[in-house]
Every structure is written in structure tokens, then in C-alpha cells.
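Encoded as C-alpha cells, the structure appears first; notes follow it.
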Amino acid sequence: MEPHGETDLVSFAFSSPTPFDPTRPIYLDAQNPSRAFNARQFRLLVRSLIAGLRALGLKPGHCVLVQLENTVIHSALFFAIVGAGGVYMGCDVGSPAHELTHLLRLAEPQLVITAPGALSTLEVCSTQGESFSGQVLLVDELSIDNIVQFAHRAAAAGAEAQTEGLVDQTAGPCIRLESLLQHGESDWLRFEDREQSKRTPAAMFLTSGTSGLPKAAISTHHTIISHHLSVHYRVPYPVVRLMALPMYHSFGDFWTNIFPIRYGEPLYVLPRFDISTFLDAVRQHHISETYMVPAMVQILSQSSLPVAESLASLRYVGISGAPIDGFSIQRFQRLLSPDAVAGNLWGMTEVGVVFQNRYRVPLQFGSVGTLLHGYELRFVDPATGEDVAGTPDSPGELYVRGPGLLLGYKWRTDDKDEQGWFRTGDMVYARDGNYYIIGRTKDLIKVRGQVPDSLNSWTSHSTNRLCDSRYSVAPAEIEGILLKDPGVKDAAVIGVMLPDGSSEVPRAYVVRAGISPESTADQLTDLVQTQLASYKALDGGVVFVDEIPRTGIGKPHRARLSQLDREREKLASILGVSVPA
């Protein structure tokens, strides 16, 4: 592991431990590689944006909300905001008005950087009692072209002499982002003090919001540097990354901003995941490393396109963001080169990446890997609050402590206990140095049933002790079985209460794959019944839908799915029909 260094984040990122060619492009648009920055151009662009942000009135501690799709300028915006002393926050460009209203109240940004298509949503927020009084900076395709051209010219001839030709016009209450480039250059906020690094916010990353509105987890300069150092290790292949995950999300941030400028490792950027453009980008740019969420893995595994041929250059695929079963990873692994690894990993916005399967480390399918440097763990019985062994026979809720933990939540104090432990909400156990995620404690389905036929798995003999004589069923385990069926494109499982209130039971929401013959509810019920213990049966039924609601990072949005389920049952009651269908 590299030495931490007691420094600010931007200085850390721009201080390469090994020399690399500063003229090699390192941030590139995957669909238009002429939109690219080398290290010299990128450094100048960051310093120019810092000068522009300060000229616009950004002060230390001010928040800037970036509401854009993935673009080649994203990392420059990130470092410029942090370098000007500000606090970065990103969100989905397609955020609906009620979510954006919540974020404006939560983050209190002084600036919003957004796309033309999102302006109408920002206007709607003002009608919902959240009028944004700060400055709006507009970014469109012309802006990106102008910024790239500026960086190319300025790196060759000097920033102050190369501002001519930039568009400098207002668009209603907005100004174009490239107008910030007319103020010369300014150095970033620097410090070499451990305590200042640990207490100075650099970014706020939104939590997944699967059970409600997202929270803003505050990451300091020290936190983000710690995240990077925990996941970085040397590999025996040339690293060329592709990013199709949201770059504003913490999982995307881990691999997006620092690696290119610190190590000279090229990053190709796609605006979003689309299977055809993704496969084209991997093939055309000889991508060796990328990161996915399980939904992307399922799409690629089920595709009729020449996936294996297109992915031949890959050497490592990191998978996280939501639960994924061992079968799905093994199926995907067969599409990759024999020299490649598809490795699961586990982390949270609040704590960073804690467990990781690394390249050429023997894989245990279904495991999220081994513990990364710097983290401490506890396993706690959620019913008693007492520590447990964290073995397959005695799993526990995971508590984490270490330098990668959040500073806190914005406007909340329920982040860590007095000893610095963060309660993750995930049930976990360890076996032979590898860690296994059972599921979210709040998502586990509490089933009262018969004694199971087999005592071979953790769920068969431990969770009745943990959950008041009821068995805890992990939705992800059932989802993994359902996804083995070639007729299933996507699936999510929730718990529903029996009419007499005696027990929760699993109910599956399934998206068909569109092949013939179609899988039936009875077939899927039988599939689960034959492969899992009897108390994990789909006694709540199977419901076929067109789409599973998911978060921006690909997690099943179980709270929204449960709400839709309640509305469905209410409608069925009014119509006098039975459910599930």
C-alpha cells in the first residue's frame, strides 16, 4: 500500500509516484476519442476552472451540485470544485422534481452545473417551495467541445492567450460553463496537515435511498485519499479503464477521478450503459479493466450479441453495487478470457470499499473477497446487540471502523457510535478469510415455517436464533435462483405479509426475457422449491412486470417495489380479484 501522505486531495491526485508520458491522453470520450485530455491539458483545465469558480464567488465550504451525464470533463469539474475549496455533490441528470427538491434542501448548493434538458425540472422545484437562488451553469455538447479545444490550445500557448472563441452568453438565468475559462489560472487550496485533511469536506455522495430519500454522506480529503489507497494495487497488465457507471456515485468515483492523473492510466467514458456502445468501446479501445453492477452482468450474460468476442481484452471486472449470486458471476466469467477475473467486491458510500476480490487471487464464488487494509470489523447479533463469531453458523450484522469512514451525514448525527463504529445494516459471515454477504437486515424476509429439510447452509440453522424463532430469507438468494432460468431477464424479491398476519413470505417480481416458450409462475415457483429450503418458497407468488425499479447504481428499489405491491393489492381489493396474478 502506498504511503498516505498528509495532504489535500488535489495535490495527492496530481503527485504521481511514478513518471508517465504527460502527452498521452488519459481522460477520453469513448464515443469520440478526439475529446480527450492529457496530463498537461487536464492540469491547466483544472486550474482555469478553479479561477473561474472563484471569480463567480465560490468560497471554501460552498457546495456545487453537478447534475450531468458522464462526460469527459467530469473529473476536471470534480477537482476544480474541490481545489477551489468547495464541496462536490453529484446527482442524476434525470432526477425527478421531488428528488431534486430534496437535494437542494439537503445540500444547499451555491452553484448548480446542469444540462439544458434538466432546467425545466429545476424550475419545477421552485413551485414546490424550493426556489434555487444560486447561479446555474449550463453544459451542452458545444460546451464540452469548447472546453476540450480550450485545453488543447491553452496547453500549447498559455491559458490567458487562448480564451478567444469561447462562447460567452447567458441562457436566461444561466451562464455557460466555458465562460469560467476567461479568468486565467489559479492554484488549488493546498495544505499539508493531517487534521485539516481529516476535517475538511471535499465531497458529499448520496446514499442509495432504497428505503427512502437519499442521505448526503460527507467525505473529507483524507477519506477519499484513504478510499483510493485501499483499492489500489499493482497488476501485471496495462490498465485501460472504461466507465459506464454513474461517475457522480461513490462507486464510480473510486475508479474515475484519481487513477488517470496519478498513474497515467487512460479512462474512457461513456455517458451511460448501453450494451451495444459498451461492447463497441471495449473492443475498439482494448479495455483491460471495468466495473459493473449486477444488472449489467445479467444483461451481458443473456445477450445474443457477440459478447465474448467483444470482451476479449478485459483482464479484470469489478462487480458491486447490489447483491449478486455465485452462479451469475460464474456464468459471466465464462464469457471472459481465461486470463480475466470477474471479482465481486463490497463497499458502501459511507465506508468505501471494505472487501475486494483482486486479480489472480483465488476466487471463492459468492464471496465479496478479503478484507482491505485499514479496516476493522465486528459482527453483532441484531436482536441482542452482542458480538457474535461471524461464522457461517453465527453470522452477524457488520460494523466497520477505519480511515475510510464518512465524516458524517449532512444535517444528521446518526452516522457512527462513540467508538467510531459504523453500522452497515448488512448480515455477513466469514469463511477461510473470505467474506459473504447474506443481505440487508431490513430486506431479510422473516418467515415462520417448518424445520428445513437440510441444514447445509447458513440460513438453515442460525437465523431462527437471530430473528425470534423465524427464519430469515435473503431476497438475493431467491433472485439468484430465478435468474438461472433463461426465460427470466430480471427479478426482485420482497416480503409480503400473509392475510392472517402470521408470517412474511417471499413474493417475486419477474421481467420475462421475451423468449418462447415463456416461463410460467408455476415453473418459477417449482424452480425455487427444488433448489432451496421449503421455507424459502415463493408462497407470496410470482408477479410478471415490464421493469424492476432500480436505483441509479442498479440496486433493486425494494421500498418502491413494496409501495407498488401495496397499491396493486389495494386495486385488486377494489376490483374484487385475487393477487398475485
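For all residues, glycine too, the Cβ spot is worked out from N, Cα and C.
Feature annotation from Swiss-Prot assigns AMP binding site to Met204, Phe205, Leu206, Thr207, Ser208, Gly209, Thr210, Ser211, Gly212, Leu213, Pro214, Lys215; the stated evidence is sequence analysis. Under the DSSP three-state reduction, Met204 (AMP binding site) is assigned to strand. Using a 10 Å Cβ-Cβ cutoff, Met204 (AMP binding site) registers 25 neighbours.
The region 'AMP-binding' annotation in Swiss-Prot covers 477-555 and is backed by sequence analysis. On the 0 to 100 pLDDT scale, the region 'AMP-binding' (477-555) averages 91 in this prediction.
Across the region 'AMP-binding' (477-555), DSSP classifies residues as 20 helix, 23 strand, 36 coil. Annotation note: Pro214 (AMP binding site) sits in a coil segment as assigned by DSSP.
Taking every protein chain shown into account, Leu206, Ser208, Pro214 are the binding-site residues, and of these the Cβ with the most other Cβ atoms within 10 Å belongs to Leu206.
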